[in-house]
Structure formats: C-alpha cells, structure tokens
Amino acid sequence: MGKQMAALCGFLLVALLWLTPDVAHAQTQILFQGFNWDSWKKQGGWYNMLKDQVGDIASAGVTHVWLPPPTHSVSPQGYMPGRLYDLNASKYGTKAELKSLIAAFHAKGIKCVADIVVNHRCADDKDGRGVYCIFKGGGPRGCLDWGPSMICCDDTQYSDGTGHRDTGADFAAAPDIDHLNPLVQRELSDWLRWLRRDVGFDGWRLDFAKGYSAAVARTYVQNARPSFVVAEIWNSLSYDGDGKPAANQDGQRQELVNWVKQVGGPATAFDFTTKGILQSAVQGELWRMRDKDGKAPGMIGWYPEKAVTFVDNHDTGSTQRMWPFPSDKVILGYAYILTHPGVPCIFYDHVFDWNLKQEINALAATRKRNGINAGSKLRVLAAESDMYVAMVDERVITKIGPRIDVGNIIPSDFHIVAHGNDYCVWEKSGLRVPEPEGRR
C-alpha cells in the first residue's frame, strides 16, 4: 500500500508540474531572436557566424535564443519545409554546425528554441494526378513519408479528399497538413522529440500557430514536452475610421489569452497587441499605454506571465517590414519591454546592425539587477500624449516620451540607471548616487 501511495504521489507531482509550470523559471527569461529574414545569405553559414557572437548575446542576460527553421525547405528562409529530418539541406548550415552552435549556447546557460513550421509542408514528388503531394521525411524507416491523405480535405488543390477538415486558418502557398490524423500526430511528435534529444533544442517557436487549433498544439506540447513554447498568433488590431488603432483592443488580447490557456503547460504567445499599440503610442499618443482599468493595454495587462513582448522580428521588421516599429523610436520600444512584465524578446538586427547594443544591454541589466520578471507588478503613474511613466515592483520607474519635466512623480530615493533620447529609467536605492548629466 505504501509503494502504491508513493507511486500515486509521484504521478500527481508530475501532473502538477505540467499543469502549473515553474513560475519562477518562466518569469526570469529574456528571449533573443538570433536571425533575420536574410540571414540565410551569410557566406560561411549563419550558424558558424552566430557561434562567434554567443558571448555578446550572453552578456545581455539572454536566457533563450530563438534559432531559424532548421530543416530542408523550398524557400531559403526555412518557412516552406519539406524533408523535416534533413537538417543538412538548410541554408543556415549543416546539422553538425547547428549542434555545435547549440552546444556553445548551452555552455553559456542559454537554452535554444527551434522555429517549428508544421502547419504546412512542401512535397518532393507528384502523384498520379500530377499534384505535388508525395512527401519525403528524409529520416529513418520512412517516417514522415506521406501522401495526399495526410492533407486537409478542404485544401482541395492538394488533397485527395480523405483527410479531416482544417482546424485553423488556411495557408494558400503549400498543403495544409491534417493534424487530426493519428499518424501525423505520432510522427510529428517523434520528430519533435528527436529535435530535443538528438539535436539539442530545448523549446519551440510555433510558426503560423493560427493554422491549427490550440487543441492540436496542446497534443504536440504534451507529447514532446518542450521546456519553452511561444506561438506566433498574428492578429490584427481593431482600427477606427481615421485609420488609427481603436482605444479598446480587448478582443485581440483575449484571443492570445485564450490560446495559451487552452494549450496549457509552458505555452506563451507573442504579444502582438502590445507591439501594435506601442508603436502607435510612441508617435505622440502615449495615452494609449494605459487601458480603461489603469493596466497595460496589451496581453501583458491581462496575462503577463504568458506574454512574450517584442519590438520587431524577421517579418514585421528586417527587410520585409510588414509592420515595422518606427525606426527612430525603436529604443523606446526596448525601454518599455525590458522594464515591464512579460518575457521580452530582443531582435538580432537591433543589437548587431542598429548600433543599439549598449543601450539595450543597459536596460537588460536593469531588468536582471532588479529581478523584473514576467509577473512583475506594474503601476502606470502617467499616460499622456507626450509622457508615459510607470513603476515596476516598486523598484524601477520608466519614463517614455519627449516631456522633460515630469513634476514630482519620481521619488527622491530613485536614481537614473539608463537614459537616451526620449526615455529614462530610474532605480530605487538606499544610497542616493549622483545623477548622470542630461537627466530626462
């Protein structure tokens, strides 16, 4: 009876850890996107080049690095995958080079996040109809060697009509995979476990996660047990008749909250709501940074522990510039996300190409020194057109905006630790230290 009780307790402990992951661990993360849209063009291989920058990335207090899609792909960037086990066909480098890069990050205590593209797949061959729908896995024992029956039946351009209907948004450029098919679930789960056990990845970034249901994502997360998951659920803001974002974006952030709750475990989502509001707010509309309840207006206002904040990525910024942050205001975005709740994500370009490394590192150091984490307490002290001021954990105060005179908002026992054009960060200290010149 004692052994049975011990076994039961052990099972319950594992279940509890799955349902309520280590909050402290989740809250101390800084994610770094380690590539841009054109990284595949790097002579000598991106993996090899990035390996030389591991030390610089670690110096910013980064805990997780997001790496590009590692597999064979019809498109050089990796987002039109085909042979999923073939890591030597990647434009970023070979499998051996990838494993060496991951080992270098692990040696610095940084976990590696794979860009997982499984909503759709590109086939190697045509079937008898002349349709590209014969897939090759490039791996052991015919794994991931599929035919048209593994495609969603409503993707009529490629499917033979025998699969299930798509559980998410359509992806027109390639066959949408039937994620309700048991063989698909089993073999993709095996592949995800292989990425962790054989290649060394610790977590995932789920590309185009709107393409399949949260229930499907939950299945893969439960089967493969990554330590970190962040989903790309790119939802548009609501806009008023004047073309500007509406003041209320509750519907947008609710979609993100719903997804992470339905997936559970370590699942988080990129906070597209905060990005959209913030990049409008820094253009003379900082009043947007406080919602009707006095909280942050994005996902971090409702569920910060599960929100990954960012300024730009390979899609929104880089050379694609699909939804870019104003170029002259980028550092204001970092002043916000690196001192606020949520898990901040730093973009490669801004550190290594935009000459913002020193300022970003100073903000990241402030975050680490004061223990700011995903669940930190935020108090918005002011949100007006030309000034936003907030206190985090009663230890750090951030001011964004061109207004120089902030009145009596800043207590006398706070001193400046980071500042630049239109932003300033104060830190509480028992001993008042001299303020840098140019207090803002």
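Including glycine, each Cβ sits where the backbone N, Cα and C put it.
The active site, nucleophile feature in Swiss-Prot is assigned to Asp207; the stated evidence is similarity to another entry. If you take the C-beta of Asp207 (active site, nucleophile) and look for same-chain residues 6 or more apart in sequence within under 8 angstroms, you find Pro69, Tyr79, Asp115, Ile116, Val117, Val118, Asn119, Glu232.
Here Swiss-Prot flags Glu232 as active site, proton donor, drawing on similarity to another entry.
Look at Swiss-Prot and you will find 72-74, 79-80, 205-210, Trp234, Ser236, Gln254, Lys295, 301-303, His314, Gln320, Lys399, 404-406, 416-422, Trp426 tagged as substrate binding site, backed by similarity to another entry.
Non-local neighbourhood of Asp166 (Ca(2+) 1 binding site): Cys152, Asp154, Asp155, Asp176, Asp178, Gly211, Tyr212, each in the same chain, at least six residues away, with C-beta under 8 Å from its C-beta. The Ca(2+) 1 binding site annotation in Swiss-Prot covers Asn119, Asp166, Ala169, Asp176, Gly211.
Marked as Ca(2+) 2 binding site by Swiss-Prot on the basis of similarity to another entry: Asp145. Within 10 Å of the C-beta of Asp145 (Ca(2+) 2 binding site) we count 16 further C-beta atoms, all protein chains included.
In the structure as shown, the Cβ atom of Asp176 (Ca(2+) 1 binding site) sits within 10 Å of 27 other Cβ atoms. Annotation source Swiss-Prot lists Ca(2+) 3 binding site at Asp155, Asp170, Phe171, Ala174, Asp176, citing similarity to another entry.
The signal peptide annotation in Swiss-Prot covers 1-26 and rests on sequence analysis.
Within the same chain, residues at least six positions away from Asp315 (site 'Transition state stabilizer') with a Cβ under 8 Å of its Cβ are Trp37, Trp234, Met322, Trp323. Positions annotated as site 'Transition state stabilizer' by Swiss-Prot: Asp315.
With all protein chains in the displayed structure included, the most crowded Cβ environment within 10 Å among the binding-site residues Gly211, Gly420 is that of Gly211.
Taking Phe171 (Ca(2+) 3 binding site) as the reference point, none of the binding-site residues His72, Met80, Asp145, Ser236, Ile416, Gly420 has a C-alpha atom within 10 Å of its C-alpha. Taking the Cβ of Ile416 (substrate binding site) as centre and 10 Å as the limit, one finds 20 other Cβ atoms among all the protein chains shown.
What surrounds the Ca(2+) 3 site, by Cβ distance within 8 Å of the Cβ centroid and not counting Asp155, Asp170, Phe171, Ala174, Asp176, is the set Asn119, His120, Cys152, Tyr158, Asp166, Ala172, Ala173, Pro175, Gly211 from the same chain. Counted over every protein chain shown, other Cβ atoms within 10 Å are most numerous around Asn119 among the binding-site residues Asn119, Ser236. According to its DSSP assignment, Asp176 (Ca(2+) 1 binding site) is in a strand. Take the Cα of Met80 (substrate binding site) and measure to each of the binding-site residues Asp145, Ala169, Asp170, Ala174: the nearest one is Ala174.
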